[in-house]
Amino acid sequence: MAQTWKDTDISLDPIKDQTIAVIGYGIQGDAQANNMKDSGLNVIIGLKEGGNSWKKAEADGHKVMSVADATKQADIIHILIPDMIQGQVYKDEIGPNLSEGKALSFSHAAAIYWKWIEAPNNVDLIMIAPKGPGSKVRETYLDNFGTPAIVAVEQDFTGKAWDRTLGIAKAIGSARAGLIKTAFKEEVETDWFGEQADLCGGAASMVTNAFETLVEAGYQPEIAYFEVLHELKLIVDMIQRYGINGMWRRVSETARYGGLTRGPMVMDSANKENMKKVLTMIQDGTFNNEWISEYQKNGKDAFDKYMKQYDEHQIEKVGKEMRKMMWPDSTE
């Protein structure tokens, strides 16, 4: 069984006198910085000078400065900027100002695992990864609960890396919901696999194929959209709350029998073999090398040729109209 911690297992005392620099003030940076501040920690914000987030962070009551200055002043540098710029920001501003005994902290371990950042051996390397978006991290904290997180220590130079890791996890509220111990390697590989095979890639492809199957058989696109896309959230919510078996016990008998007997026909052993291939391409570095190459050549335009497939697909054209019915104030 995985090692776990609850809020009562952890003390903030080991990091009460330390300064934590949150690098970045996007969705996660905003939420985690404010939660830590509200928990009584000494938080500073490191940002690109003149960036859009500077004024917002100041308005929220934070002391804001350049990334370089924040790195100099902090004991723990908690890096929450987008993955693909972490390497360059580290090279330009963090690395030159990093000194012995500090900690580099992340909410996703890819930059260290794939050596986009080559950290020295005289600092701690830690990770606190809330399993939810920043908005939920803040919302659950304000509700006196939290968003569960997975935590890891890759390098414990000071002998106090776990105190730092668990302290931050407690301060952002995640320990209230529960913490699970992982490793940088495990977090990166499982996170990317989930995104590609299931949560984003697999789910989007499954829904699109189901929509096409109904429309090609002569059914109205609007009805197909409701049946295979809109209602998906109802099922996912049940699975998240009650588990897969709990979902089966809460749907109709017809849905239960049909799903139990036909589901394996749709997601068969061939699909599982393809999932194994996706996992192997993550594990052996194939995906990382492909992604880095694409990003270096094309930047964010690397998405365009793939996004265009969905932009022009009938499911999106129908979906925009259907969503207007349910969310008339929505601006997509």
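Every residue, even glycine, has its Cβ placed from backbone N, Cα and C.
Keep in mind that this is a model prediction, so the values were computed, not measured.
Site annotation (Swiss-Prot, ligand NADP(+)) includes Y25, G26, I27, Q28, K48, S53, D83, M84, I85, Q86; from G132, G134, G146, G159, the additional listed residue is G134. DSSP assigns E195 (Mg(2+) 1 binding site) to a helix. Residues near K48 (NADP(+) binding site) in space but far in sequence (CB under 8 A, at least 6 apart, same chain), listed by position: W54, S66, V67. With respect to I27 (NADP(+) binding site), the closest of these binding-site residues in Cα terms is E195, chosen from E195, E231, S252. Comparing S252 (substrate binding site) with E231 (Mg(2+) 2 binding site), their Cα atoms are 14 Å apart once rounded. Mapped onto DSSP helix, strand and coil, the domain 'KARI C-terminal knotted' (183-329) counts 127 helix, 0 strand, 20 coil.
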